[in-house]
Amino acid sequence: MKPTVWHHLRLCPHGHPDETLDDAAIAVDETGTIVWLGAFSALPHGYAHWQREDLHGAWVTPGLVDCHTHLVYGGTRADEFAQRLAGVSYEEIARQGGGIVSTVRATRAADETTLFVQAAARLQPLLAEGVSAIEIKSGYGLDLASERKMLRVARQLGERFPVSVYTTFLGAHALPPEYAGRADEYIDEVCERMLPTLADEGLVDAVDVFCERIGFSLAQTERVFEAATRRGLPVKLHAEQLSNAGGTALAARYRALSADHLEFLDEAGIEAMKAAGTVAVLLPGAYYFIRETQLPPIELLRKHGVPIALATDHNPGTSPLESLLLTLNMGCTLFRMTVPEVLQGVTRHAAAALGRADRHGALEIGRQADFAVWSVGSLAELAYWIGRPLCEQVVRGGATVFRRMNG
């Protein structure tokens, strides 16, 4: 790759629209590393003969980060969507053997190639919106072989597409049918066999649990957290989505990277998150899709200064969403978040929710040049437009990996 100066751009280096620089430039060396950024008029003479790319006044932000997805799975749950429209609740569907378990059956039946092809089709719309880092959870296998299959596919996506993929083992997502009535025994399997094996195979970056009355108890969640901690793995938690089960306080005790959903989070849980440095990941796509009415406590999160991230929560049952930009709009319209909050929610704070704030979410000297180029007049348009293609170009490590074709 030739050293390149990207110039005549409007720079938003940290994802905050109040911290910008007009007519800026970014110098990227042959390794894809940012070696200088600032006002184009102040470009040092040493870069005068580098290759130039004129962005004609376009906005540049850090590559976006989708910090909570379930992108790898088999089948769809369109039939359950119809059930919910007829008045059947998400919890009722789950108790009838639908919900997560129906996707488990489809995922177990699919081979790696099928799962890869299906997941790749879901990933590509996100890449075309400037996503350069993404978390992908397991949790639709619920046995060792199937969880391994999911995590292997996630790793393959990161190898074959220009995106950093971070894997999360979510073996404690639901109780598999063969363990009906034996939840503690299943947690034994998760902690003593599945997690150690998959971690030893290098397939796990973090560990998550679905802590809820239709998921796993606080005691069971803590067992998984203990097992993860013994392996030196960070933890995350699906928490307080359907009720206040106290999961967030537990997550904070283990200094979780994030607690996610949080519609029923209380102030005590928020205070614990703040003290632990745990990021609040809000998922408006799921809130919208299952027609929830309990809003997450945005004002209390603001009051206590808890960093807020946003993510698609792409999954087949409650958020079949393939647009992080639409997620921004939902964060504003449904949760009344501000434009600066949602933009930081998919850059700096989303990177922190993955424990990767040193690698993603900001443009700084010494970092890899991962950025998105936007054809908008103001950054507010990223959250304003619905369905309009706004990303003109995506750069990874200084190389253009996506360019929108006009006409």
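Every residue, even glycine, has its Cβ placed from backbone N, Cα and C.
Remember, predicted model here, so these are calculated numbers, not experimental data.
If you look up Swiss-Prot, you'll see His68, His70, His238, Asp313 marked as Fe(3+) binding site. What Swiss-Prot records for His68, His70, His238, Asp313 is Zn(2+) binding site. Marked as 4-imidazolone-5-propanoate binding site by Swiss-Prot: Arg77, Tyr140, His173, Gln241, Thr318. What Swiss-Prot lists as N-formimidoyl-L-glutamate binding site is Tyr140, Asn315, Gly317, and the listing cites sequence analysis.
Features per Swiss-Prot, on structure.
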residue : record                                  : contacts (Cβ under 8 Å, 6+ apart)
His68   : Fe(3+) binding site                     : Glu135, Lys137, Ser258, Asp260, Val281, Leu283, Ala311, Thr312, Asp313, Ala353
His70   : Fe(3+) binding site                     : Ile136, Lys137, Gly139, Tyr140, Leu170, Asp313, His314, Asn315, Pro316
Arg77   : 4-imidazolone-5-propanoate binding site : Gly98, Gly99, Ser102, Thr103, Pro316, Gly317, Pro320
His173  : 4-imidazolone-5-propanoate binding site : Ile100, Lys137, Ser138, Gly139, Tyr140, Leu142, Asp208, Val209, Phe210, Gly215
His238  : Fe(3+) binding site                     : Asp208, Val209, Phe210, Cys211, Glu212, Gly215, Gly247, Asp260, His261
Gln241  : 4-imidazolone-5-propanoate binding site : Glu212, His261, Leu262, Glu263, Phe264, Ala286
Thr318  : 4-imidazolone-5-propanoate binding site : Tyr90, Gly285, Ala286, Phe289, Ile290
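Gln241 (4-imidazolone-5-propanoate binding site) falls outside any helix or strand according to DSSP and counts as coil. Under the three-state DSSP scheme, Thr318 (4-imidazolone-5-propanoate binding site) falls in the coil class. Within 8 Å of the centroid defined by the CB atoms of His68, His70, His238, Asp313, the record's Fe(3+) site, lie the Cβ atoms of Thr69, Lys137, Asp260, His261, Leu283, Ala286, Ala311, His314, Asn315, Ser319, excluding the listed residues themselves. Highlighted in sequence order, His70, Tyr73, Arg77, Ile100, Thr103, Gly139, Pro316, Thr318 have their Cβ within 8 Å of the centre of the Cβ atoms of Tyr140, Asn315, Gly317, the residues recorded for N-formimidoyl-L-glutamate, and are not part of that set. Mapped onto three states, the DSSP output places Asp313 (Fe(3+) binding site) in coil.
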